[in-house]
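Record features (Swiss-Prot):
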- Cys50: active site, thioimide intermediate (ACT_SITE)
- Asp57: active site, proton donor (ACT_SITE)
- Val72, Glu73, Leu74, His91, Glu92: substrate binding site (BINDING)
Amino acid sequence: MTETTITTSDNVEKYGEREIRDAQLITFPNPRPGRRYDVHITLPEFTCKCPFSGYPDFATLYLTYCPDQKVVELKSIKLYINSYRDRHIPHEEVTNQILDDFVAVANPLYARLKADFNPRGNVHTVIEVEYHQEKAS
């Protein structure tokens, strides 16, 4: 049996770090644009940092949307969400920013994002934001 040795260097960017750094939300054409349906995505490992203390904040994100012409590619949303890991950002801002970025690329008929942050210091925070596409007159 051959032994494999893996060496790492602290100053070399890892491929996962590069993917996260370059992450962008990617969409593809909705395979059923004439049918209204909901997509539910759960992201249980969201992290960012408190802008005041620097402590990590952990949350489960629940994204529900009704696609119009585009659907978001799942790996891209995973990498995009992971890009917040080292950012110092308040719960309210990060929840709104994620929904704004999602809407900008996917242009859904409807989207709702719920960010359920783990309790810290006996405080449990849940932020919910929504978007509804305006109808053309």
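Glycine residues also receive a Cβ, built from the backbone N, Cα and C atoms like all the rest.
Neighbour counts were taken at the CB atom with a 10 A radius for the recorded positions Asp57, Glu73, Glu92; the maximum falls on Asp57. A helical conformation is recorded for Leu74 (substrate binding site) in the three-state DSSP classification. The Cβ of the residue listed as 'active site, thioimide intermediate' lies under 8 Å from the Cβ of Pro56, Asp57, His88, Pro90, each of these being in the same chain and 6 or more residues away along the sequence.
The substrate site in the record is lined by Val72, Glu73, Leu74, His91, Glu92, and its two most distant CA atoms lie 25 Å apart. In this view, Leu74 (substrate binding site) is surrounded by 12 other Cβ atoms within 10 Å of its Cβ, with every protein chain counted. For His91 (substrate binding site), other Cβ atoms within 10 Å of its Cβ number 17. A sphere of 10 angstroms centred on the C-beta of Val72 (substrate binding site) encloses 22 other C-beta atoms.
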